[in-house]
Amino acid sequence: MSPNPNGAVSKKSERTFAQVLLIKKYWWLHALIVTAISVIGLVALGVWTYVGAPPLVNFVDSTGKVVVPEWEMNRGKQVFHLKGLMLYGSFWGDGAERGPDFTAEALHRTFTGMSKYYEMQIEKEQGRPATQDEKDGIAGKVKREIHQNGYDAAAGVIRLNDAQIFAHEELVKHYTRMFTDQTYEEAFQSGRVKSFVQNPDDIRALAGYFFWGGWVAGANRPGEIYSYTHNWPYDPDAGNIPTYATYIWSFLSILVLFAGTMLVLYVYGEMKTLPGEPFNGRDWSLTTVDLENKGDAYVRPTQRATYKFFAFAVILFLVQVLAGILGAEDFVGGGPGETILGAFGLVIPFSVVRSYHAIVQIYWFFMAWVGYTLFFLPRISKVPNGQRFLINLLFALCVLVGAGALFGIYAGHTGMLTDDMAYWFGSQGWEFLELGRFWHILMLASFCLWVYIIFRAVKPWITSQNLWSVPA
């Protein structure tokens with residue numbers, strides 16, 4: 001028999017799993033196991049990501065002449081992000097759903113372009129259109145060629161055949177019309193903005209980047225029977241169908257997720273049955289309800305300084321809702337929100353309103369959370385000197401980040417800011433990380449300041465007994 005964490009005596013065989021986990025002398029082992037699994041997992045994933053990354057090098061023809069240079073694809077990637085196209089379409093499935101998945105589209109158009117090339121060859125040589133049997137044979141040939149990996153590691157290039165080069169040129173024509181010809185059935189039209197990618201060099205660079213993404217999705221990894229993206233996206237015409245490993249790992253990942261969730265809920269349920277506070281051995285636990293009912297009705301200046309966080313959160317919430325309405329209207333071709341904006345001479349692209357809707361929902365919740373935590377700090381311990389100034393400074397930084405992100409995203413996506421200025425003060429273009437790099441860094445600084453404000457307030461309250469029992 002031995003004492004449990006709450007001071008009661010119980011037989012070792014009668015301990016629940018939760019009570020075993022609460023034995024403090026073993027916590028170092030728990031922490032070691034969790035840390036080891038996390039670090040090993042992160043290192044392994046990081047290594048596999050870089051070692052298994054597809055090559056981004058020059059595409060060349062059979063003579064070695066460069067067809068799509070590496071710098072052009074990198075420029076296309078830059079344009080893709082700075083213009084917010086991930087917030088319109090997607091790349092390898094990551095992004096919005098208003099437009100196409102550009103890699104899936106490029107892969108399929110590579111198939112149709114190569115098929116067209118071979119059919120044109122037959123018509124040129126035979127003086128007649130290709131028969132259905134010939135088309136079927138062409139389809140199988142194109143499927144094989146798409147999955148043949150033309151990467152030459154020794155030369156550091158990817159070799160394309162004539163059909164693939166023709167398909168690339170067809171892709172350039174497609175994206176040129178998409179971004180410049182509003183009569184095109186697949187024209188880019190977001191938020192009634194005709195297009196803000198007009199530079200022919202930028203459009204060609206985008207086409208090269210999307211072509212590379214399609215090549216990665218189709219070309220088999222060296223020594224494997226599936227592509228770099230494990231045959232994603234699904235495209236039977238191009239030979240992309242799920243492998244058995246896809247089904248197995250999908251099932252196992254879901255199984256592990258459910259098993260882990262059930263284990264957490266099981267342990268949590270056992271802890272709920274234990275008397276008092278499991279982590280400090282007291283007969284009670286400190287919660288925000290206790291802080292609310294502490295009996296101290298006096299509202300301190302530092303608490304009043306938090307009111308503006310809640311007001312700011314309400315404003316941001318309204319911005320998120322309005323952005324969601326405008327985004328929904330764009331899908332159905334207009335509505336009252338767009339009419340109101342038009343009356344003020346404003347046109348907001350879909351990529352902008354989707355960015356607002358995605359990041360503001362996180363930010364307003366964060367503002368409410370910041371205000372809530374700071375409000376209750378005086379109920380825990382004495383207010384340190386200078387705390388009100390730091391709270392006001394934090395609010396100023398948060399407002400600056402919010403305003404800078406809203407104006408910067410619009411300026412970046414619409415071309416008011418370009419290249420480095422767009423990256424730093426406009427939009428990085430990554431989904432959920434749309435705000436410019438400068439605003440991103442400033443937000444991180446705000447987060448650090450928030451943590452510092454909390455730490456200096458709770459530092460007198462932290463003891464070895466209640467270190468693991470913060471207010472919940």
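Numbering starts at 1 and runs along the chain as it is shown here.
From the backbone N, Cα and C atoms, a Cβ is placed for every residue, glycine too.
As recorded in TrEMBL, the features of this protein are as follows:
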DOMAIN    59-234  domain 'Nitric oxide reductase subunit B cytochrome c-like'
TRANSMEM  27-51  transmembrane segment
TRANSMEM  247-268  transmembrane segment
TRANSMEM  309-328  transmembrane segment
TRANSMEM  356-377  transmembrane segment
TRANSMEM  389-411  transmembrane segment
TRANSMEM  438-455  transmembrane segment
Paired segments the transmembrane segment (356-377) and the transmembrane segment (438-455) in contact, 3+ CB pairs under 8 A: yes
Average model confidence [pLDDT] within the domain 'Nitric oxide reductase subunit B cytochrome c-like' (59-234): 92
Distant-in-sequence neighbours of the transmembrane segment (438-455), which means Cβ under 8 A and at least six residues beyond its ends: 370, 373-374, 377, 387, 390-391, 393-394, 397-398, 400-401, 404-405, 408, 424-425, 428
Same-chain residues at least 6 beyond the ends of the transmembrane segment (389-411) whose Cβ lies under 8 Å from its Cβ atoms: 84, 302, 305-306, 308-309, 312, 316, 319, 348, 352, 355-356, 359, 363, 367, 370, 374, 417, 422, 425-427, 434-436, 438-439, 442-443, 445-446, 449-450, 452-453
